[in-house]
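J.: Take a look at what Swiss-Prot says about it:
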| type | residues | note |
| --- | --- | --- |
| DISULFID | Cys26-Cys48 | disulfide bond |
| DISULFID | Cys45-Cys120 | disulfide bond |
| DOMAIN | 32-154 | domain 'Ig-like C2-type' |
| CARBOHYD | Asn95 | N-linked glycosylation site |
| CARBOHYD | Asn109 | N-linked glycosylation site |
| CARBOHYD | Asn113 | N-linked glycosylation site |
| CARBOHYD | Asn121 | N-linked glycosylation site |
| SIGNAL | 1-22 | signal peptide |
| TOPO_DOM | 23-156 | topological domain 'Extracellular' |
| TOPO_DOM | 179-215 | topological domain 'Cytoplasmic' |
| TRANSMEM | 157-178 | transmembrane segment |
Amino acid sequence: MPAFNRLFPLASLVLIYWVSVCFPVCVEVPSETEAVQGNPMKLRCISCMKREEVEATTVVEWFYRPEGGKDFLIYEYRNGHQEVESPFQGRLQWNGSKDLQDVSITVLNVTLNDSGLYTCNVSREFEFEAHRPFVKTTRLIPLRVTEEAGEDFTSVVSEIMMYILLVFLTLWLLIEMIYCYRKVSKAEEAAQENASDYLAIPSENKENSAVPVEE
């Protein structure tokens, strides 16, 4: 099990790297919505662009709304990332990509008071020869912060399936070993019976059974 846990992430990283190199694509993956107190939490916000839309002016705004409160700005990217004055000041870290398709941020040292609704607004003005269209996308992330990490149902199911697979493989190997052992034993018994039958034949019969050689 530990070996599988070490090899599986490595194989996944190799596969992701190979796909990203051979087939450069953008996938809008939703953000996680649960965090543990004291740990960093990445708020994922991905807004993909088409290949012909690379030239664009992008502005990113992150808002936070506490439970029962109103939205207020906590982070802004406009010609460079900058943190605005807010209760999150000093705990926000830019985690986006150079092409600004991934505009995620990370909240450091998450507290229970960080629970609430996070809004990621991405505004783009594309630079075409004939026109300059403006597009705005919004991602909502309802975050819940807990004191301790809860049991992940997916990981529990995966672990159970892994144990079932190990038991199945063990039984299959045991059956194969028994089958091979019986097969070898039968072959040895047949060889011993043939040898015993040959030794039981009188010497006269052995000489008579020989094929005469013509001169």
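Each Cβ is built from the backbone N, Cα and C atoms, and glycine gets one as well.
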J.: Where's the emptiest Cβ shell within 10 Å among the disulfide-bonded residues Cys26, Cys45, Cys120?
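T.: If we count Cβ atoms within 10 Å for the disulfide-bonded residues Cys26, Cys45, Cys120, the smallest count is at Cys26.
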J.: Limited to the topological domain 'Cytoplasmic' (179-215), I'd like the whole-number average of pLDDT.
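T.: Mean model confidence (pLDDT) across the topological domain 'Cytoplasmic' (179-215) is 68.
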J.: Just to be sure I understand: of Cys26, Asn109, Asn113, Asn121, which recorded positions have a C-alpha no more than 10 angstroms from the C-alpha of Cys45 (disulfide bond)?
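T.: Within 10 Å Cα-Cα: Asn121.
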J.: Please report the three-state DSSP label of Asn113 (N-linked glycosylation site).
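T.: In three-state terms, Asn113 (N-linked glycosylation site) counts as helix.
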J.: Can you give me the Cα-Cα distance between Asn95 (N-linked glycosylation site) and Asn109 (N-linked glycosylation site) in Å, rounded to a whole number?
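T.: For Asn95 (N-linked glycosylation site) versus Asn109 (N-linked glycosylation site), the Cα atoms are 15 Å apart.
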